[in-house]
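Pulled from TrEMBL, these are the features on record:
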BINDING   Asp36, Arg37, Thr43, Ser44, Val166, Thr183  FAD binding site
BINDING   Tyr223, Arg278  D-dopa binding site
DOMAIN    5-324  domain 'FAD dependent oxidoreductase'
Amino acid sequence: MAALKVAVVGAGVVGLSTALCIAEAFPACSLTVIADRFTPNTTSDVAAGMLIPHTIPGTSLHVQKQWFKETFTYLFAISNSAEASEAGIHLVSGWQVFKSSPTEELPFWSDIVLGFRPMSEAELQKFPQHRCGQAFTTLKCDCPSYLLWLEKRLKAKGVQMYTRKVANLWELHSEYNIVVNCTGIGAHQLVGDQKLFPVRGQVLKVRAPWVKHFVRDGDGLTYIYPGIHNVTLGGTREKESWNLSPDPSTTKAIFDRCCSLEPSLQRAQDIKVKVGLRPSRVCVALHREVLSQGGAKLLVVHNYGHGSGGFSMHRGTAKEAAHLVGECIAALQGSSLRAKF
């Protein structure tokens, strides 16, 4: 039979990773990535790209841990290769500090990151406002570099990329056998998902090459994440805000909070402000669906709604989405075989 045509809609970290997993698992498919925005204009480009997961209330910890472990293992291998600098992936050590003891003794991901341990008294002297903390080494993606690297890998596998605004998944049914929806916050309008809501994040990207260690305040609202080219300072978590305009008073508050953790940032230069909308819901939308109209059918796989955990779990959920695409392929091949007999 002719090669099955698969379209992935969305070109953020989840969309490109899902496309790569499909291309790796099913090389015989004809694969296309369609998006109205590619890097450097995606939500993923704003993200800090740190592999420190946030717990998703509606998804079992066992599943979240598996997604994180698969992502960490995948990125760790890249960080340990000649591709590391081009892909923008590197190891970074640092501290998560708390003003009062955290409710959970050990986060679910503590045995996946490297060298997780309680902070020493000597280390805590750096943070006089904080009572306790945890030290560990994790991975950081410099997002635009990583997205470009993913695009390059896809093009090498013959994957087509088109800039196009998709208003309705059904409009793709005449061109593709299977459509994979990785549109992030765009799914709110595209598929009318009322459980999906934006959590606005404002961050600063600054030049401070002397900052080598990450610092994350316990609630995750204030953080300093050094990358290869700049340091990301954050942040905000504003539920249900669709506002993409930077707010100057928020910029000042973020900068002041980060300087209280790392006073040397007062000398930071080249400050750029970025805003993104995290696609949040009580659990990641990761499932199959059949759309039908007038006897015609379109097989759809959804993979969106990662909230602030997109980078921490992207490879794990992409592999699962590719597995669901495999089920769709089997269903289509089975029906075409039945049609022949």
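Glycine residues also receive a Cβ, built from the backbone N, Cα and C atoms like all the rest.
Curation plays no part in TrEMBL annotations; they are all automatic predictions.
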Cβ-Cβ distance under 8 Å to Ser44 (FAD binding site), same chain, at least six residues away: Gly12, Val13, Val14, Cys143, Leu147, Gly310, Phe311
Max pairwise CA distance, angstrom, over record-listed FAD binders Asp36, Arg37, Thr43, Ser44, Val166, Thr183: 19
Rounded to the nearest Å - Cα separation of Val166 (FAD binding site) and Tyr223 (D-dopa binding site): 35
Distance [Cα-Cα, Å, rounded] between Arg37 (FAD binding site) and Arg278 (D-dopa binding site): 16
Least Cβ-crowded entry, counting other Cβ within 10 Å, from the binding-site residues listed as Arg37, Arg278: Arg37
In the chain carrying Thr43 (FAD binding site), residues 6 or more apart in sequence that have Cβ under 8 angstroms from it: Gly12, Gly184, Ile185, Gly276, Leu277, Arg278, Pro279
Asp36 (FAD binding site), number of other Cβ atoms within 10 Å: 15
